[in-house]
Amino acid sequence: MGTQIDYTVINPDQKWQILRSQWRYILWVLWVSSGVVMQGFDIVAGGQLAALPAFKMQFGILQPSGAYIIPARYLSAWNSIAPACEVVSTFAVAPALEKFGRKPGILVAAVISVVGVLLQQLATEWKMHLAGRGVNGIAIGMMFTISPLWIGETCRPELRGFFLCFFNASIVLGQFSIVVVSRGASYIEGKWQWWLPIVAQYIFPFILLAGWAFFPESPYWLVRCGDSTRAKNELRKVYGFNDDAFYDIEIRRVEEEVRIATEIQGTADRQTFLGVDVSAELECFKRTNRKRTFTAIFAASGQQLVGATFVIGYATYFLELIHVKNYFSASVVLYIVMLLSTIAAFPLTEILGRRTLIVWPQFALCFMLLLIGILGCVPDQGKAVWGIIVFIYIWAIIFQLSIGATGFVLASEIATMRLRCATQGLVTISNAIWGLIMQFTIPYMVSFYELIDACVLV
């Protein structure tokens, strides 16, 4: 293997040849990304649960028409508590990851997730369900930071963009999974109709707990701690093939990166906030790193600003409100299309580049949303509904092929190696803040429409 691939140089022309030799690394990327599946599951869960009659009866308010309506304040609180807790957890976990490593954080996140899901399952009133969503949001925030950080630190530079696409693919897989589970749950009567989508969330912490003991710590973090011997052993666990030359080259490459980072860091002032070292976070906004930091933040935030929360998070609920008869089936097909699109984004990210897939598609996405809004004002709603569905599908395809996947790739790889952990934490925080804003406001728009519809029916 070592005679066929020259690992001493970073050569993009040999990335596909390198990829064929890294089957075990691909499995580890899938495993660590399973924690991010929780985020995709949670984003869409609110809209899916709100469309289930049993969930409405449990937590909704009976209307004069005989229908149960979930108040907008409930939906806003449920859907915004997770992003809010993601922000809080990221503030705490980013410095901890620097001190204790990446692996312990995964174990803590898995345990917290189990507690959060259990609270949701046992909830009998909306505040307890709110608490469960919040606790699970803490775990989601931790994995949202750890997953791309570990991938970015362990993979070969030639394949960093390719493997970071797993991050978005995991989110879409979570969205697809909750839609499929909710579709099956819609045929069930009683409390298991809304219990099933919640209980299904146990699978994610179970996967993390089952593989945690075998998971390798980040070799980059170990080298930075001065333990190159253990870093080399962990690197063997990461890749799994017998090639001593490869491991020697990789350790030397990481050691050189750490050496350069340490020299630069030695000139930086150490600053703390409430006893926590935040010098790395503050350095992200200094002149030499400011452009990288804002580029990373805007690349990830752009996903929220082009309507991802509305189209992806409330697709099923929105289709129900515009009187699509088979709204669950339509949403299942939508998420299948998105999953296939995000898989297609893997090679496109490497072939077309980041800028091409981020800048121009955003104009198309905004135009699609404008057309959807215009169709909502068309008098003949019977025909307009089909146009809305078509544009939602087109929007989803463009989004997943472009900024949906590439935004996370650019946000994770543009930072310097030394500031990657701090930058990823800032990306998670900014993404969660925008998610908090969107998740809080959109339910009022949707619920307002539903209440008007209910009044017309009366």
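Quick reminder: no glycine exception, Cβ is built from N, Cα and C everywhere.
Per TrEMBL, the features are as follows:
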TRANSMEM  25-55  transmembrane segment
DOMAIN    28-458  domain 'Major facilitator superfamily (MFS) profile'
TRANSMEM  75-94  transmembrane segment
TRANSMEM  106-124  transmembrane segment
TRANSMEM  130-150  transmembrane segment
TRANSMEM  162-182  transmembrane segment
TRANSMEM  194-215  transmembrane segment
TRANSMEM  294-315  transmembrane segment
TRANSMEM  327-346  transmembrane segment
TRANSMEM  358-378  transmembrane segment
TRANSMEM  384-411  transmembrane segment
TRANSMEM  432-452  transmembrane segment
Cβ-based contact of the transmembrane segment (130-150) with the transmembrane segment (358-378), 3 or more pairs under 8 Å: no
Contacting positions for the transmembrane segment (358-378) when only residues 6+ beyond its ends and CB under 8 Å are counted: 299, 302, 306-307, 311, 322, 384, 387-388, 391-392, 394-395, 398-399, 401-403, 406-407, 410
Confidence summary for the domain 'Major facilitator superfamily (MFS) profile' (28-458), mean pLDDT rounded: 82
Non-local residues, at least 6 beyond the ends, that sit with Cβ under 8 Å of the transmembrane segment (194-215): 28, 31-32, 34-35, 37-38, 41-42, 45, 48-49, 52, 54-55, 58, 103, 106-107, 109-111, 113-114, 117, 120-121, 136, 139, 177-178, 181-182, 184-185, 188, 237
Paired segments the transmembrane segment (294-315) and the transmembrane segment (384-411) in contact, 3+ CB pairs under 8 A: yes
Residues of the parent chain within Cβ reach of the transmembrane segment (25-55), under 8 Å, 6 or more residues beyond its termini: 68, 70, 75, 78-79, 82, 106, 109-110, 113, 133, 136-137, 139-140, 142-144, 146-147, 150-151, 154-155, 163, 166-167, 169-179, 182, 185-186, 188-191, 193-194, 197-198, 200-201, 204-205, 207-208, 211, 215-216, 238-240, 309, 312-318, 320, 327-328, 435, 439, 443
The transmembrane segment (162-182) versus listed stretches 106-124, 327-346, 384-411: most Cβ pairs under 8 Å: 327-346
Chain residues in Cβ proximity to the transmembrane segment (384-411) (below 8 Å; excluding those fewer than six residues from its ends, i.e. six or more beyond): 148, 160-161, 164-165, 167-169, 172, 295-297, 299-300, 302-303, 306-308, 311-312, 315, 319, 322-324, 330, 334, 337-338, 341-342, 344-346, 348-349, 354, 357-358, 361-362, 364-365, 368-369, 371-372, 375-376, 378, 423-424, 427
Chain residues in Cβ proximity to the transmembrane segment (327-346) (below 8 Å; excluding those fewer than six residues from its ends, i.e. six or more beyond): 51, 162, 165, 168-169, 172-173, 175-176, 179-180, 182-183, 186, 312, 315-316, 319-320, 357, 389, 392-393, 396-397, 399-402, 404-406
